[in-house]
Amino acid sequence: MKEIRGLPGAKGRALHKAVVLTKRSPQPERRPVADPEVEIARFEALRAAYAGELRELREKALASTGQEAADIMKAYADIAGDNLFFKKPIKLVREEAVDAGWAVAQERDRVCRKFAAMEDPYMKARADDVRNVCDELIRRLDGEGALADDGEGAAIFVAEDLTPEDTVRLDKSRLGGFITERGGVTSHAVILAKTLGIPAVVGAAGILEAVRAGQDIYLNGDDGFALVDPDADAVAEFTRASAAQETVRARWREAAAKPAVTPDGHTVSVCINSGDTDSLKGFRADLCDGVGLFRTEFLFMDQDDYPSEELQYRAYRAVAEAAAGKEVIIRTLDIGGDKQLGYMDLPKEANPFLGYRAIRICLDREEVFQTQLRALLRAALHGYVKIMFPMIVTLEELRAAKAAVERARASLKAEGVPCADYVPLGIMIETPAAVLLSDVLAEEADFFSIGTNDLIQYTTATDRMNERVQYLYDPCNLSVLRAIHTVIQNGHRAGIPVGMCGEAASDERLLPLLLAMGLDEFSMVPAQVGRVKHFIQNTAFASLNCLPAEVLGQREIGEAKRILALYEKEGL
Ligand code: PEP
Ligand code: MG
């Protein structure tokens, strides 16, 4: 038995045979070809077929794994179909009579070196896209198929890394869990695992060396390790743990159908986050209190140009109707940072997360903002829509955003277009600036939603994309906890509800504290709703009375975590 440690990506445990996916970047040899034109024709046929497959995968991703994977498939399809990009390798084949695989590898390496040297994390990520597309083309030119696995039955997939394309291609019915040598806990593959409810361990250096295909692996996504060839004791432990896990999951399913009320009558809302209308196909309004965050970026990313008012109106209206009278918080465009729009042609920035993004863009680009606001005000006639502005750091921004809503309403009315007379206007609290000004902001916002994904990053000055500083990106960081407490208190003093739509809203370590602090709304990926509701339904609100003072009184994060751990198990 060998133990390999990694990072806990997605929770759960599984024991299956290993399927090893080795997909290191191919390094083809330079080979002469007799007829360059025949080679070019072979390459172009393969490239066209691959681009077509990617377009199909995008549709598949939209239906199964979600918007994020679909966006990446689109980016891959764009690269595969980019004639300009492949002009140089084709010229190389033609002029030097060499094989296309080698020629593509030269261009891949040149472009990736260029991207990798850039500071911008977005550009670095583009290098991965180019590499993945070129690698697949080279493999196909060499007669190798895509990620090949034709076995049967559930398995633990072992790989160096899983690209978004891999996750779309993988046979989900066989995916019992996965473990990768590389990757971070917020990678797309981990999000997929969470969505599918399977365990995942990432950053497990040495796993490819330690395991052979067909060996048993016990994967523990709760604690972030794998046992290769587990001994009898480990198997017995797994059997016990999975029986217990199934019992707990059945309880969560039951809990999801009931309201989020503590035994002593404290009620909160448990809502879902959503990023696209397709993911709302499986949306069960009866199992949650509404949509706490609808990210509108997808609508913009999924297009080659700005989506029209009509297209946006239809999308927002569909969400509002699907929620069947429950609240839907629609966030205005939050582009910039790691989310870019090709057609917007934004300037390259040294610090994109501190740059031209979110509300800053909307306030600057009146026509883009007005189109979205008009669509939202029209859609608000079809359900309980609230509008939320991202990345607010000053009162001036909030006032300017609210004034823009008034202009949009006035223009609709002037044209005789039906629209909502009143729509609650709230803001995301994602920056220390907004936290420190939250008493003032609360007087003019109708609600707050704490965006911890960004708030942790900005409070701890930790780039959430940078693996080397991940240890500082901690939802239990005391400054972050103080910030959350301040926001809830200031919101309540002004009489407005305070929600949370960052990942921390379903972090089991924080649930007791957030509940005790009086958070009104917890919003999360749909798969977490049952667990969070179950915790709330089984935790007496009064029993948490002293928790905020106790935790916030600590000086070290470790101490705060130790106290939180005492409460974590309650309700399970
Ligand atoms: C957040 O920052 O917590 C948030 C929900 O917004 P996003 O993850 O879309 O940046
Ligand atoms: Mg954010």
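Glycine is treated like the rest: Cβ placed from N, Cα and C.
For reference, TrEMBL has these:
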type: DOMAIN; residues: 5-126; note: domain 'Phosphotransferase system enzyme I N-terminal'
type: DOMAIN; residues: 154-224; note: domain 'PEP-utilising enzyme mobile'
type: ACT_SITE; residues: His188; note: active site, tele-phosphohistidine intermediate
type: DOMAIN; residues: 250-539; note: domain 'PEP-utilising enzyme C-terminal'
type: BINDING; residues: Arg295, Arg331, Asn453, Asp454, Arg464; note: phosphoenolpyruvate binding site
type: BINDING; residues: Glu430, Asp454; note: Mg(2+) binding site
type: ACT_SITE; residues: Cys501; note: active site, proton donor
> Which Cβ among the binding-site residues (Glu430, Asp454) has the fewest C-beta neighbours inside 10 Å?
Replying inline: Asp454
> Across all chains shown, how many C-beta atoms besides its own are within 10 angstroms of the C-beta of Arg464 (phosphoenolpyruvate binding site)?
Replying inline: 20
> According to DSSP, which of helix, strand or coil covers Arg331 (phosphoenolpyruvate binding site)?
Replying inline: strand
> Once the chains shown are all counted, how many other Cβ atoms turn up within 10 Å of the Cβ of Cys501 (active site, proton donor)?
Replying inline: 28
> Under DSSP, is the residue listed as 'active site, proton donor' helix, strand or coil?
Replying inline: coil
> Just counting, how many other CB atoms are there within 10 A of the CB of Asn453 (phosphoenolpyruvate binding site)?
Replying inline: 16
> What count of other C-beta atoms do you get within 10 angstroms of the C-beta of Arg331 (phosphoenolpyruvate binding site), across all chains shown?
Replying inline: 24
>> Taking only the residues the record lists as binding phosphoenolpyruvate, namely Arg295, Arg331, Asn453, Asp454, Arg464, what is the largest Cα to Cα distance between any two of them, in Å to the nearest whole number?
In response: 21
> If you measure from the C-alpha of Glu430 (Mg(2+) binding site), which of the binding-site residues Arg295, Asp454, Arg464 fall inside 10 Å?
Replying inline: Asp454
